[in-house]
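Feature annotations, reproduced from TrEMBL:
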BINDING   B:21-25, B:168-172, B:199-204  ATP binding site
DOMAIN    B:18-246  domain 'Phosphagen kinase C-terminal'
Amino acid sequence: MKCEKCKINEATIHFNKVINDEKYDLFYCESCAKLLDEVDYDTPFSKDKMISSLMESINSSPLKVNYIVMTKCSKCGITYAKYKEIGLVGCSNCYKTFDEKFQKIISTIQKENFHLGKTPSEFSQQVDINKEIDLLKKELRKAINIEAFEEAVKIRDSIRALEDGKRHE
Amino acid sequence: MNDYKIRKISKEYLTDNLIIFSQAKYIRNIDEFPFVIALNEKNAKESFSKIYKGIYESELINDFELVAIREKKKIDRCLDVFMEKTYVANNVNIARGIYINEQKRVAIFVNFKDHIKIMSSALGNKLDECYSIIDKIDDKISEQIKYAYDGKYGFLTSSLMDVGTGFRSNLVFHLPALSIIGYIDKLRDALIQIGYNFENILKENDISESHYYMLSNKFTLGVSEKEIVELLKDLSREIISKEVAARETLINSRIRVLENDIKRAYGLLKHATLIKYEEAIKYISLIKLGISYGFFNDVDENYLDKVVFEISDNYLLEPEKKVISKNDIEYTRSKKIKKCFIGD
Ligand SMILES: [Zn+2]
Ligand SMILES: [Zn+2]
């Protein structure tokens with residue numbers, strides 16, 4: 001198949017494009033595809049995009065938006081505005097840079113805001129602490145479920161203490 | 001009134017035959033590079049070779065074949081084999097590829113939406129097996145590569161929907177009776193409410209509604225991999241019992257229409273020489289339903305479960321051949337399906 005744009009080269013790239021709810025299939029060669037900035041970050045991420053913009057509209061006060069929009073991740077250079085636009089995180093450091101904003105989003109789209117389960121092996125020296133934290137997190141969930149909030153607060157503080165200790169090691 | 005005996009469908013039979021596909025995936029990123037969306041050509045290449053080295057040194061490489069992004073048809077086929085919908089069209093020039101072992105249905109996607117996505121699939125009800133396969137691969141890779149990981153958020157992913165375990169598990173169900181009696185939408189709503197995704201699959205061009213549905217976990221944070229698997233299995237038992245009840249309702253309330261539909265489907269699959277994808281899926285589903293009622297003895301059901309995933313246009317396209325007509329595809333499809341009729 002020939003490229004739909006230049007009609008010379010062989011089409012090697014397939015884009016799905018959605019315009020006004022209509023789905024279009026486009027077949028371009030690589031050099032034409034490169035020129036098409038608009039096709040970047042296309043349909044596969046619509047769900048992610050939707051969530052980030054939805055959350056933004058619920059959560060933000062105008063003042064904060066300004067501040068966040070100007071914030072840039074020092075590692076990958078992505079701004080919060082860019083994250084909102086594409087719905088995808090730029091790097092692991094973004095999680096620290098946009099922590100406050102991400103926490104809000106995570107708390108609505110995920111079950112909890114802390115990790116349970118597998119830990120990679122290079123964190124193995126921390127495995128014991130992590131296991132303890134895991135256990136405490138489970139207890140925390142139980143406490144919350146039975147609405148034992150005083151107990152829950154205590155458990156949460158122990159988790160925080162362990163996590164802080166880990167970070168300063 | 002009935003001039004044939006209807007087989008009493010056992011629960012064991014349905015448990016084994018309603019779940020036709022299982023899949024588990026891990027989503028991972030490397031700490032030292034930006035995520036895929038922020039990669040430039042140079043660090044894309046570096047991250048790709050880093051992952052290559054990791055896979056090579058973990059000795060996983062012997063089991064896998066690398067398919068590069070340039071081989072579009074092969075990539076599409078992989079996506080079909082693994083029912084993977086993530087396809088990243090942006091920054092087209094970055095180094096990207098899939099390590100596949102098609103026989104074992106194991107794949108490692110490199111630099112698509114995330115740096116690494118490890119997935120394992122199997123026909124039938126085999127979630128535990130799939131999970132254990134990817135877990136071992138993940139362990140091996142993590143010995144070579146430092147993943148993006150955080151004490152609080154767990155594995156860091158490009159989408160906040162995957163953060164934490166980065167673990168997704170899927171089960172594909174064949175639910176013809178629930179679909180025919182119109183209970184599927186209610187079931188979907190209920191599942192979504194308790195935090196699961198439930199969607200119709202095997203759609204091509206969004207045209208056909210099939211009787212095949214995929215159940216998957218929505219939450220990846222705050223719940224461990226093992227819990228995700230166990231919860232999904234619990235839920236699958238409930239879904240199966242609903243389908244059992246629906247099959248009983250169906251056979252009692254509209255036996256004649258049902259028999260007619262099912263036997264026509266049988267005739268069509270057996271005798272048509274050209275067949276469209278949507279038609280094929282519809283008829284295969286009905287025949288499978290017919291088998292459970294004991295209508296036929298000459299159909300290989302295991303083959304039907306397998307062939308369902310191998311008759312999409314993309315799958316039937318031979319990557320080596322340049323041009324292939326619609327007729328060729330429909331002919332190959334009908335020939336492939338006909339192999340389900342045994343004995344004769
Ligand atoms: Zn072109
Ligand atoms: Zn970043």
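Cβ from N, Cα, C; glycine included.
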Cβ packing number for B:Leu171 (ATP binding site), 10 Å threshold: 23
DSSP state at B:Lys203 (ATP binding site), helix/strand/coil: coil
Proximal but sequence-remote residues of the same chain as B:Gln23 (ATP binding site) (Cβ under 8 Å, at least 6 apart): B:Phe82, B:Met83, B:Met119, B:Ser120, B:Ser121, B:Ala122, B:Cys130, B:Ser169, B:Asn170, B:Leu171, B:Val172
Least surrounded among the binding-site residues, given as B:Ser169, B:Glu199, when other CB atoms within 10 Å are counted: B:Glu199
Around the Cβ of B:Lys203 (ATP binding site), the count of other Cβ atoms that are within 10 Å: 16
Other CB atoms, at most 10 A from the CB of B:Lys25 (ATP binding site): 24
Other C-beta atoms that fall within 10 angstroms of the C-beta of B:Ile201 (ATP binding site): 17
Other C-beta atoms that fall within 10 angstroms of the C-beta of B:Phe21 (ATP binding site): 25
